Amino acid sequence: MVGAGVLSLPFAMSELGWGPGVAVLVVSWIVTLYTLWQMVEMHEMVPGKRFDRYHELGQHAFGDKLGLWIVVPQQLVVEVGVDIVYMVTGGKSLKKFHELVCPGCTPIRQTYFIIIFGSSHLVLSQLPNFNSISGVSLAAAVMSLSYSTIAWGASADRGKQADVEYGYRASSTAGTVFNFLSALGNVAFAYAGHNVVLEIQATMPSTPEKPSKKPMWKGVIVAYVVVALCYFPVALVGYWAFGNGVKDNILITLDKPRWLIAMANMFVVVHVIGSYQIYAMPVFDMMETVLVKKLHFPPGLTLRLIARTVYVAFTMFIAITFPFFGGLLGFFGGFAFAPTTYFLPCTFWLAIYKPRRFSFSWIANWICIILGIMLMILSPIGGLRQIILEAQDYSFYS
């Protein structure tokens, strides 16, 4: 649950301001916990049947054809988008680690670090399923907790900077509005678990007496307590310490203590290695299913080797071309995460359970749907603008 998006939360706060920033963090935490509960509940709502994939739930709600077309494109954009962002994150963190441990060394281009990071996935992507990467996933969870704690702890240790400013970053009203929209996408990106929650729940044993939703919901509660303990201190302490001077990745802003920040950046690398695989697995499954069933490729090691290598190479190429962490989070957070995290679960719930009009469930779901649609439409505009602005100042030789 704790994704690398947590590192951009102080930057999002600098574009939102204290009041709106805290409100957006709290509302997002509540809304996404509610929609995640819906996903867990709907996994086994039909006796004797389990909806193991997000698109299966969509098909049950809206029919085989429409449900597939509503869900699959959105889920695919989320998973590919996350993997692209994690390629950028891994490369940036490796570069920062190199600069901290060897300050006198010849600078190496960020592009090379993205390639180094991507190369690890050429091997890891050949693992066949979720159970095979459980060890990697556990390491990723420990790492995310560690670097989040270091991020806010080191910020608190640095203290409030002498020249800190809490006003909006942009000098114009239009710039402030666009930054605000991009920041909403940054926050949305931080809540990313919905897209694979059914696949994860599918690995749990389930009987009529002991349905999987009970242990799954306990896991979700623990995860969201951890999310709160990570997200809120990082966002609030990071913004308090650096104000609107904070960079789009808090660990890039921090330099001291050198050994601790270097360690935190390496924790990020380990985390995004595991998280990349978590989001890539459903894409691999989808690709291989299409290649075998539709295009009649023979299943086996050769197919897996070629298909997964091509996917890793594609995400690496896009990450090298657009290595803009903050802008990518703003764009994908709104364009992809808003539907799958904020309002698609609510539309499924309304279509399947049909709660009474103006009941609490009906009102809560429609509020989530309206907020999600606004986020999906507006946030990518701010994110795209930020990518363009960052591209103007970027050099591939840096």
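Note: Cβ is positioned from N, Cα and C throughout, glycine not excepted.
If you look up TrEMBL, you'll see 1-382 marked as domain 'Amino acid transporter transmembrane'.
The annotation transmembrane segment is assigned in TrEMBL to 16-37 (among others). Through the fold, the transmembrane segment (16-37) approaches residues 9, 166, 168, 180, 183-184, 187-188, 190-191, 193-194, 197, 217, 220, 224, 227-228, 231-232, 235-236, 239, 341-343, 345-346, 364, 368, 371 of its own chain, all at least 6 residues removed from its boundaries and within a Cβ separation under 8 Å.
Annotation source TrEMBL lists transmembrane segment at 220-242 (among others).
The transmembrane segment annotation in TrEMBL covers 262-284 (among others). A Cβ distance under 8 Å defines the sequence-distant neighbours of the transmembrane segment (262-284), meaning residues of its chain 6+ beyond its ends; these are 3-4, 7, 53, 75-76, 78-80, 82-83, 86-87, 89-90, 93-94, 96-97, 100-101, 117, 120-121, 124-125, 127, 129-130, 133, 136-137, 139-141, 143-144, 146-147, 150-151, 154, 192, 195-196, 199, 251, 254, 304, 307-308, 311-312.
If you look up TrEMBL, you'll see 305-325 (among others) marked as transmembrane segment.
Annotation comment: TrEMBL describes 331-351 (among others) as transmembrane segment.
Marked as transmembrane segment by TrEMBL: 363-388 (among others).
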**Report entry** Folded-back contacts onto the transmembrane segment (363-388), same chain, C-beta under 8 angstroms, at least six residues removed
**Finding:** 27, 31, 34-35, 177-185, 188, 322, 324, 326-335, 338-339, 341-344, 346-347, 349-350, 355
